[in-house]
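**Q** Pulled from TrEMBL, these are the listed features:
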TRANSMEM  12-31  transmembrane segment
DOMAIN    20-465  domain 'Major facilitator superfamily (MFS) profile'
TRANSMEM  92-112  transmembrane segment
TRANSMEM  119-139  transmembrane segment
TRANSMEM  151-168  transmembrane segment
TRANSMEM  180-202  transmembrane segment
TRANSMEM  208-230  transmembrane segment
TRANSMEM  273-291  transmembrane segment
TRANSMEM  311-330  transmembrane segment
TRANSMEM  351-369  transmembrane segment
TRANSMEM  405-429  transmembrane segment
TRANSMEM  441-460  transmembrane segment
Amino acid sequence: MAVNLSSLDRIPTRFNVSIMLFMACLISYMLRVNLSVNILAMVQPIQSGVKQSVPAILSNITGESINETMIGHSKIPDYGPRYNWSSHDQSIILGAYFYGYLISSLPAGVFAERFGGRNMVGLSLAFSALLTALTPLAADNGMWATIANRVALGILGGFLYPALHNLISKWAPPDEKGKFVSALMGGTFGTVITWPLVGVLIETLGWSFAFYIPAAISAIVAVLWYIIVADSPATHPRIRSEEKDYIEKSLGDTVSKSKLLPPIASLATSPPFLSLLVLHFGNLWGLYFLITAAPKFMSEVLGFKLAKAGFLSALPYLARSLAAFAFGTIGDLLRKKSIMNVTTIRKSFCIFSHIIPGLFLVGLIYIGFDPYVCVAIITLSLGFNGASTMTNLQNSQDLAPNFAGTLYGIINFVGTTSGFISPILVAHFTVQQSTMDEWQYVFMIGAAAYIVPALIFVVFGSGQVQKWNEPKQTQTTTGHEHT
């Protein structure tokens, strides 16, 4: 036993913190996306026609065969209570999370900087677990109770990422930030494992347990979070003094120990920040676009059901998650070896995170009608977008470590609006027949949303600490380049 404890002592505390960052994101997405599968078993099954029944859809997700002999007649699989929610009702319920998310993401960074990222994330996970466990009760009380539950869950989720960026600004040495930010891709990995997990839970235990078990997992992670994570190395009860000194020395004086008010006026007139805002909007536009519009394209234009591809449906998300760690490691190495300065790294990696994915969207127009080639294009596009860990997902740490949470909260608030705008745009251009000719405009706009922000960032972006990072100082310089 003594040997094992000695081995654990040699594990850097910041490594344990980064693992918990990954787990927090994984749990957040698990509770965010589980309803998209659960709701299939909560509503009346489709009886006939071109659309799939609930058992068929769950079979695609889990890979198991389900008996649906009597669907549409007298016998319905007993997954639990079913509700008469129309397709429109279901879309409102599924979208409710994002309305709550939009509400809280803007002030979340300020709250994290005032009250500490540890409490913000811990409370978000704990109360999210409670709300998820209460979802079956909310469903029994009607559609609007379910919507209220999801809005509240979205509000809690909106606090998470700005708070995590606040923690990264205090825990990650400059030449390790890429790997720390890559840990935030735990959310993408959460999507990969959640859909098949809840599909199995629905089949074996019923849809209510597809809420209870993720809620229990979230509660366990919340407890571990409070045991392992602290707001900073200085407040961690078990960190070794050598590691604490190393982190604090590497960060220098870029992170203040006092609580500062964010310089809103300076942000509004800062070209580096505004170019970051545009870059993040383009990144989320491309991400939401590929998640929502590309499956619609394959279904209506190519006649291919992505869900039937089993592993292929999760492949783009898995590729993005794995590529994020690869790009993060490469970026950290370039920074540690002083091969490139921070500004050059941020701008050059935009080629991978934005420009190449945009070009792949253009390629979707010309690939013909092979659905598997289409999946490969989408996988490559999202895979290269994993490089966003070295561009828009990390640049708020460069510009103002004191306000990294606030900056990320602002850009995430603006970026999340793309999740509402993109589907409207797709519906506008494909309202007639959803033909290849109509989709050409959709893909060109999606490509432009990737590429144009990248070009703007290349011109106006920066990797320097801005002078408004310390707004109360009277003597400042334009910025310090971290190498």
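FYI, residue positions are counted from 1 along the chain as it appears here.
Yeah, the Cβs are placed from backbone N, Cα and C, and that goes for glycine too.
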**Q** Over the domain 'Major facilitator superfamily (MFS) profile' (20-465), work out the mean pLDDT and round it to an integer.
**A** 84
**Q** Can at least 3 Cβ pairs under 8 A be found between the transmembrane segment (441-460) and the transmembrane segment (12-31), with each pair 6 or more apart in sequence?
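**A** These two segments do not touch.
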**Q** At a Cβ cut-off of 8 Å, and with pairs 6 or more apart in sequence only, do we get at least 3 pairs between the transmembrane segment (12-31) and the transmembrane segment (405-429), yes or no?
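**A** Output no: the transmembrane segment (12-31) is apart from the transmembrane segment (405-429).
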**Q** If we skip the immediate neighbours and take only residues 6+ beyond the ends of the transmembrane segment (351-369), which ones have a Cβ under 8 Å from one of its Cβ atoms?
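**A** Residues packing against the transmembrane segment (351-369) from afar: 279, 282-283, 286, 289, 294, 297, 301-302, 327, 377-378, 380-382, 384-388, 390-392, 436, 439-440, 443-444, 446-451, 453-454.
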**Q** When each of 92-112, 311-330, 405-429 is checked against the transmembrane segment (273-291) for Cβ pairs under 8 Å, which one has the most?
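**A** The stretch I would name here is 405-429.
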